[in-house]
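Reading through the structure tokens given below for one structure.
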């Protein structure tokens, strides 16, 4: 017996049967071992018996019983599974005869299945005959699956029913109601139909950005074929979506991938144009399966595409089409391009309205129309790195999923009460052990409290269950309507007019009426009482999801946030002392943005802060970041002194192609792409190279910039703050009593205009002059720094108080108008914090003690009280 005459699957089956015999401690490999392996591991054997309508469960039981009857030989030196039984040897010889009769080149699985029908006194043969299965029926099933093919290679079983194995029948999926409806895209579908109707080169390729609906167009064509809304030439055709991944997966041996693809193409060719092959991500066929000396999938398709034997529809993105298909000119010319543009917001709303019912049925929720409009408009405005309608559909889907999860989870109010009951029950069990009067009194009170909580929990639970049941009932009725509509469509397509009339005028209206009654009843209950569960998806839910994805707050203002925004200026005044104009302008810009009346095409605000060092320019940016985001992490700080050379400018938007760091992206663009809602602080802009400002022109004017990767980065939700020391000497010399005169402002502006180009300055919203700090301002800053020190010491449970004399002395000693507030910090560190630290380390100041800091003869004194 020559094993080379067997297909690889048969060889593997014999090897697995041998392993089974060894594991079972059987001396010989029997027919039962082989068929046990075939029925568990061979898809082909299972498929043959399915087509022949064999009860495989009963067959497997017979095989198990046969294996149990084989005697187990134990002991040392016994060779298990080293020989074939006489019955198996006979089966192999009969299989070779079957191979010769069918004129095949190799013995394959089907020959074993046929050969077992001729075995005498074999339990498997007896069981098949008991099921009234003759060899003729099994042979017919095999020939049906083979589809006229012969076994010409050792991978023959892999190539039977290749389209079923490696593809999905989209038309069958439409008929079974698995695909979502396709709304719009009529022009593109008509274009595809026109190309498919050509004599040669009838292969459209859909090209568009990811998420614009390329695959949906093919699904729309499948739906039209089912509705017979296509020209005569396309009626009754089938669209098979080819899965390149499963075609390549598991092709271990050289030439196996080509054989599989050849089998697919052969089946398409034999269909005489009845099968349209749809290859999603068609760029994957270029180079697919290419190994040393092998031909890739693209080259195998070319001859059939050119002759018009293969109707192929491709879909790929613009970038991948350019990268893969355009490079292969011979392949490109065999396809006709169909460009799929991104739909408008209005078209997206229509698409969402078409999908609304499907989402409602799947999630069991009720979607408001304003939620669909919000999903289209908010995704278009805030999610700029993805495309409509995909991003809008994802928003609606996630909002529905959020509501569904809340419906299925235990409500937080009920959860709290249930936990309280559990806590009281534990306490009750502990108190029952105690016998003293106080414990008994406490137990009595606790039991009354527990009874109240249990009653409340039971009421809430029953209310939750009833609300959940109502929602489930509505969902079931919606599913029923969807099922009936699908039946109606099927009846109309099959011209079953009696059934169609019964559905259209009888069953569907009755179920729709039931749904309306249930929804009305639900609304009535909602109006009358507070409901635990919410099943409505409104624009607020959509806005929440947008906020979660992007970090941009787009929800309607809640009361707490209104207060926070209205008091923003006051809070900033406390953090940044002495710069009232700057604080007011910045807080007004944030207020306009959050109220939704800012220009949607520009950043929230762009400012240049001018002033001497240490007056609060950077501090204001930090305070704003902390107030808007509760942390300074959302502040993107870029020190412009790092961008003094011409070549360093490209670091902002990313290195150009061919340079190191190209893949990493720019320092500014990547930071904003990750956090689109943030404060961008460009510190010391006068130190940057002039070319930096050319990059900033588009950011300030249109709120957008393209990075080195070609991605559009959105700056429309950023506050851009630039700081500079230009004109600080004039501000220091000529500021009188903390006020800046109009003449001084004009002189500073002239210096600024000589430093920066007019087109840059013209795009900035406001140029704010920071005044040098007065002694009164410095006293206010001392208060702030002392408060910060008190917060730091609170961790060690030490409280400090500083007398007014000491504070005034610190302000006078550390005040220097040239350096602003920074010397103040240094003075406090040197004269207050360092002596304090020495006292703490030496053990003179212990935790839980108070320290009074006073002034005596221009020296600080520390009085410690426990």
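For all residues, glycine too, the Cβ spot is worked out from N, Cα and C.
Feature annotations, reproduced from Swiss-Prot:
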DOMAIN    3-148  domain 'Clp R'
REGION    6-70  region 'Repeat 1'
REGION    84-148  region 'Repeat 2'
REGION    161-342  region 'NBD1'
BINDING   208, 209, 210, 211, 212, 213, 214, 215  ATP 1 binding site
REGION    343-551  region 'Linker'
COILED    393-527  coiled coil
REGION    561-772  region 'NBD2'
BINDING   611, 612, 613, 614, 615, 616, 617, 618  ATP 2 binding site
REGION    773-866  region 'C-terminal'
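Cβ neighbour count for residue 615 (ATP 2 binding site) (all protein chains, 10 Å cutoff from its Cβ): 29.
Residues near residue 214 (ATP 1 binding site) in space but far in sequence (CB under 8 A, at least 6 apart, same chain), listed by position: 206, 207, 208, 280, 315, 316, 340.
Per DSSP, the secondary structure of the region 'C-terminal' (773-866) breaks down as 52 helix, 20 strand, 22 coil. If you take the Cα of residue 614 (ATP 2 binding site) and the Cα of residue 211 (ATP 1 binding site), they are about 50 angstrom apart, rounded to a whole number.
Under the DSSP three-state reduction, residue 208 (ATP 1 binding site) is assigned to coil, being neither helix nor strand. When pLDDT values are averaged over the region 'NBD1' (161-342), the model yields 80. There are 19 other Cβ atoms within 10 Å of the Cβ belonging to residue 618 (ATP 2 binding site). Between the listed binding-site residues, namely 208, 210, 616, the fewest other CB atoms within 10 angstroms of a CB are found at 210. It is 51 Å from the Cα atom of residue 612 (ATP 2 binding site) to that of residue 211 (ATP 1 binding site). In this structure, the binding-site residues under consideration are 211, 612, and the one with the smallest number of other Cβ atoms within 10 Å of its Cβ is 211.
Taking Cβ-Cβ distances under 8 Å and a sequence separation of 6 or more, the neighbours of residue 209 (ATP 1 binding site) in its chain are 317, 318, 342, 387.
Note: the Cα of residue 616 (ATP 2 binding site) and the Cα of residue 210 (ATP 1 binding site) are spaced 46 Å from each other. It is 614, among the binding-site residues 213, 611, 614, whose Cβ has the fewest other Cβ atoms within 10 Å in the structure shown. The Cβ centroid of 611, 612, 613, 614, 615, 616, 617, 618 marks the ATP 2 site; residues of that chain outside this set whose Cβ lies within 8 Å of it are 609, 619, 723, 770, 820, 821, given in sequence order. Between the CA atoms of residue 618 (ATP 2 binding site) and residue 211 (ATP 1 binding site) there is a gap of 42 Å, rounded to the nearest whole number.
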